[in-house]
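Enquirer: Sharing the record's features from TrEMBL:
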- Ser130: active site, acyl-ester intermediate (ACT_SITE)
- Lys133: active site, proton acceptor (ACT_SITE)
- Ser189: active site (ACT_SITE)
- Lys299: substrate binding site (BINDING)
Amino acid sequence: MQLDLGQPPDPRVDSHHPLRSVRSTIQVNLYGEPYRSRFRWWRACTVLEDGPSGWQCPNVITRLAARHRTIAVLTLAAVPSLAAAPARAAAARPAAGPAGVGARSALLYDATSGTTVWSRAADTERPIASITKVMTALVVLHEGGLGREIKIKRKYLTYAKKHDGSTAGLHAGDRLTVRQLLNALLLPSGCDAAYALADAYGPGKGRFVAKMNEAARELGLDHTVYANFDGLPWPTATSTRSTARDQVRLAGYAMDDAVFRTTVGRRTYRLARTTTHHAYTWSNTNRLLGSYRGAAGIKTGTTDAAGYSLLFAARRDGRALTGIVLNSSTTDERARFTDAARMLDWAFGSTDPYRVPPAPTNTTTD
């Protein structure tokens, strides 16, 4: 195989690039135990279409011409403890897939060994609802300015109400920092917060969505299209769509960011009233947190077309797993959590009983 070692475009020197504040190193984060590699380019674990497992997270970044695509590869040969992980992972789970998973599309990825351990219709494009907000947050985080204050406009609240979207209950006239709004975006899945961030960082909705799609192309999410910044069903129910494989890949990039990882890993975020904003309490819609041992995030999503969906991550005994279930049910919002728990139990070799906890009383279902 001939390697193309040419340098890819560097987002740090392109003032119009949506990810221009990218770090000069790649952090392959195993949910709390980061390993840093000195690479100029930031794209790490990506799907290799020709590989038997579908994913490789192997030490040197190269650019491979595979099916007319350039794909970045990272080997773990420099990390002996991780190099031995595939054999341990294979021994830890039964040969058959997880039983009782009802999701129409699903994928479970072992971030420690760099392998897809199970999937179902992983390359079928489907609406992803509020899982869209992972990319919204990622674009904001790479542009920076967490301490920047954004004034909440009434149009943000009107928009969320018009589209019957989940909200963070923001108040018009409040001034909140970007860090605070990221919590409002990712915990209660606030469409009002999503609009506020998109409006500020586009600037304007259209420019922000363009940045989301540009970022998707840069990350190799070839089956992902963003029509808006929150996953609500407009202009049509399927305008914003992706695949299980693309979204698990995106989760890997997102969970590499310490601010994102900390945000989606918390169950509740509270703000006391100040002279610039009301008091707020936001609860995480991801009920795996606090109920499933090792759960680490990351995002729920629900619309009529998308069904009840969940992008999730968990870590046990030094092993990190990332997965997704798309459309676990259109009637039972607990099904996605049950599906995720069954997939994780199967991979971890766990027989611990799992019961979905009740939804927090101070948040909407998403």
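Every residue, even glycine, has its Cβ placed from backbone N, Cα and C.
Because TrEMBL annotations are produced automatically, they should be read as predictions rather than curated entries.
If you look at the structure here, what lies around each of the features I listed?
Expert: Ser130 (active site, acyl-ester intermediate) falls within a helix when secondary structure is assigned with DSSP. Within its own chain, Ser130 (active site, acyl-ester intermediate) has Ser166, Ser189, Cys191, Asp230, Gly231, Lys299, Thr300, Gly301, Thr302, Asp366 as residues 6 or more apart in sequence whose C-beta sits under 8 angstroms from its own.
Counting every protein chain shown, the number of other Cβ atoms lying within 10 Å of the Cβ of Lys133 (active site, proton acceptor) is 27.
When Cβ atoms from all protein chains are considered, those within 10 Å of Ser189 (active site) total 32, not counting its own.
There are 31 other CB atoms within 10 A of the CB of Lys299 (substrate binding site), with all protein chains counted.
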Enquirer: Could you say whether, by DSSP, Lys299 (substrate binding site) belongs to a helix, a strand or a coil region?
Expert: strand
